[in-house]
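The following features are taken from Swiss-Prot:
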type	residues	note
ACT_SITE	S178	active site, nucleophile
ACT_SITE	D224	active site, charge relay system
ACT_SITE	H256	active site, charge relay system
DISULFID	C289-C305	disulfide bond
SIGNAL	1-47	signal peptide
Amino acid sequence: MSALTSQPTSSGSSEKIPRLRGWRAKAAGVVLAALALTTGVAAPAPAAANPYERGPDPTTASIEATSGSFATSTVTVSRLAVSGFGGGTIYYPTTTTAGTFGALSIAPGFTATQSSIAWLGPRLASQGFVVFTIDTLTTSDQPDSRGRQLLASLDYLTQQSSVRSRIDSTRLGVVGHSMGGGGTLEAARSRPTLQAAVPLTAWDLTKNWSTLQVPTLVVGAQSDTVAPVASHSIPFYTSLPSTLDRAYLELRGASHFAPNSPNTTIAKYTLSWLKRFIDNDTRYEQFLCPIPSTSLSISDYRGNCPHNG
């Protein structure tokens, strides 16, 4: 966005048998073994792993890396071939053996095009998502319009795009920068079936999001003078329902335009949030809970732990 003038894991349950001592324990073992042989009764199988997990077990290094474990490719979508938004670029994992993937659309900010947030496309896709960085109908579209366009792009992605067979249409999210971040909030409020929302240094005149039901990570920038956190990101976060899975991450010393270039802090927490809630991948909970401490890159972090989703 250019400057605004105003604006189950495998932990299956098993029945515990009280510990027996001496000959009683041995006798019990013989009886149980005999029963298993004569009746064909076997121990319960462990619960299946989360079917939506994609990729190896995450580490700090893997979520901070500029690329993940999946090779990716792209599809260019012309604005002339779609309606309701301005086209864009789809980034997707090329594998056909890992099942379907969750998907998300990312919207740019005021006066900006998809190029301003393009770095997030391959970065997130290589971690196991189908990612659609979009252009808006006009670069001056306001947040409510950008929200509708995010939803239109998701509908195209899951219903008409050439990669639709690679997508699980029940696992979708939205991300956006500045007015695109405002659009992210608008889209999440309009479509509560979304699994995750991440507004990045968002700008919106609406400050009350108490009816929003989608797990939301609000990312603000400490030195933002376009959408100051005191009047944008913090009120957005505090207005979200206290029972909602929500978090507020503030980038230390960063400007409004921090999301327009590769940023490790933005990437690692956006990825962790999307994995945790779009994929229900609790392997990523460790990076979100306990609440991350302030650091050289984080000036504030708030949230509710543990997460409900």
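Positions of Cβ are set from backbone N, Cα and C atoms, glycine also.
Keep in mind that what you see is a predicted model, and the values were worked out from it rather than measured.
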Ask   = S178 (active site, nucleophile): which of the recorded positions D224, H256, C289, C305 is the nearest Cα neighbour?
value = H256
Inquiry  = Given a 10 Å Cβ-Cβ cut-off, pick out the one of the disulfide-bonded residues C289, C305 that has the most other Cβ atoms nearby.
reply    = C289
Key: S178, D224, H256 as active-site residues, winner by CB count within 10 A   = S178
Query = Roughly how many Å separate the Cα of C289 (disulfide bond) from that of H256 (active site, charge relay system), to the nearest whole number?
reply = 26
Note = H256 (active site, charge relay system) to D224 (active site, charge relay system), Cα to Cα, whole Å, comes out at 5
Ask   = What is the separation, in Å, between the Cα atoms of C305 (disulfide bond) and D224 (active site, charge relay system)?
value = 27
Coarse DSSP state, helix versus strand versus coil, of S178 (active site, nucleophile) = coil
